[in-house]
Amino acid sequence: MAVSEIKPKLKLNPLTKVPISHNKRDRDLPGSLQCQLQHKEKKLSASQMAAFQDAYNFFYKDKTGCIDFHGLMCTVAKLGMNLTKHDVYNELKCADIDRDGKVNFSDFIKVLTDKNLFLKAVVPEKETCLDLAGNPGILLFEILSRLLETSALPRKSIIEIVSYFQRKFQHTGPGMLWSPYTMGYGKRTLKPDICTPPSSSMAAFANAARIAIMKEKDLFKFLEELKRCNSGSDSPYSKIPIFPLFPNVDGVVMGKPFKDMQKLEMLRIKEPLHFFEDYFFHKRDWKTQAANIKSMDPASGYSNNIFTIDQMLKKKQTCTVADATAIKQHVKRATDTYNLGIALEHRKEMLNLWQKIRGDLIGMDSRNESFYDTFSTYTWSWNVCQELLSPKDLRLYDAYVNRNSSHNSRSSSSSDTSECYTDSGRKRKRKGLKGFQQ
């Protein structure tokens, strides 16, 4: 057979698919990320657009209503962010999508809804905080974070923006931030260090959302690492105070009508004194513990624990390890006794302040009882690591004061009536004597 006859038979067909070995970038990319890159970004709702409009209105703008270089510099200075003119110019250039030298509302929305810029702000490549040179294009995210942290926007707008970015972070998938090939396609590896603080304020919001999408195994690792970093300490500042993680959305809603107040009061009376939050947060009954404290020794003028420590130190000139351990226990009890005493005094001051500002009338006038929760949070004390007055304590105190005031008013009215009767009797006697004398 001739060679010319064989050549047409050896002709290769054109490739219809790219071999897997040639597509290295797609092979290194996680499967979840491949799906998300194909996912089309949803349009913002009307409430979300209004929330971002409130954030846009915070910026200084020129006569045309756009953010120019001078307006961005003034906004940065107003928020207390120290940036050079060169950094602000580069950020303005990155945010200027239509290249007209200014940032209008359309550019503002496109930057804040861009997935790549959002991930760059959440997981910056540089470890330094607000490194605009290494992470260009994140200034608007940092400004927005400052506005959320300082509550410079309306409450409804804050809730809309935070909810939007939480959903956006969750849609990126848990493998995106935990994969070693994230944002670099194999060129960059993330080494998450839980002990270090977040490198940006936007990352703090993302870390809160990341816990919600963690698997159980990853969550246990996170807690173990957190326990390892936070070693046990007697310092009150090493303890984490209990505050609501999310704002009370129903705090601005008007209360029930006045006709339901009696029914509400009956429910309060039947309500148990120990809330399930006390059990959930392991709050101790420090008032009962303070009531069981032994009084001071009248001879020494100090508490029994301090007097015991003094006697132990006087008896022994040199202390062993066992003696130091025993003394440490007495010192801890004496410190707890002192903290409980200070907490009781501070609790009395808070009750006097509550009575002085008439806190019970504030809720009645506005028909909204959220002021009880607000004042209870204000009474937080590091001496007992919880609130000195719970909303239940304030309501019971109001009921006690109102009961005593009504009792005193009844007794005063009865005494006034008896005095009135005695005065009228005296007047009649005087008139009778005058008539008899005449």
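Glycine residues also receive a Cβ, built from the backbone N, Cα and C atoms like all the rest.
Not measured: the values here are computed from a predicted model.
Feature annotations, courtesy of Swiss-Prot:
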BINDING   Asp96, Asp98, Asp100, Lys102, Asp107  Ca(2+) binding site
COMPBIAS  405-415  compositional bias 'Low complexity'
COMPBIAS  426-438  compositional bias 'Basic residues'
DOMAIN    47-82  domain 'EF-hand 1'
DOMAIN    83-118  domain 'EF-hand 2'
MOD_RES   Tyr279  phosphotyrosine
REGION    405-438  region 'Disordered'
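DSSP assigns Lys102 (Ca(2+) binding site) to coil, not to a helix or a strand.
Classification of Asp96 (Ca(2+) binding site) by DSSP places it in coil, neither helical nor stranded. Shown in sequence order, Cys66, Ala95, Ile97, Arg99, Gly101, Val103, Asn104 are the same-chain residues outside Asp96, Asp98, Asp100, Lys102, Asp107 whose Cβ sits within 8 Å of the Cβ centre of the Ca(2+) site.
Broken down by DSSP into helix, strand and coil, the domain 'EF-hand 1' (47-82) contains 21 helix, 1 strand, 14 coil.
The average per-residue pLDDT of the prediction over the domain 'EF-hand 1' (47-82) is 90, rounded to a whole number.
A helical conformation is recorded for Asp107 (Ca(2+) binding site) in the three-state DSSP classification. Summary for the binding-site residues Asp100, Asp107: the Cβ-based neighbour count within 10 Å is maximal at Asp107.
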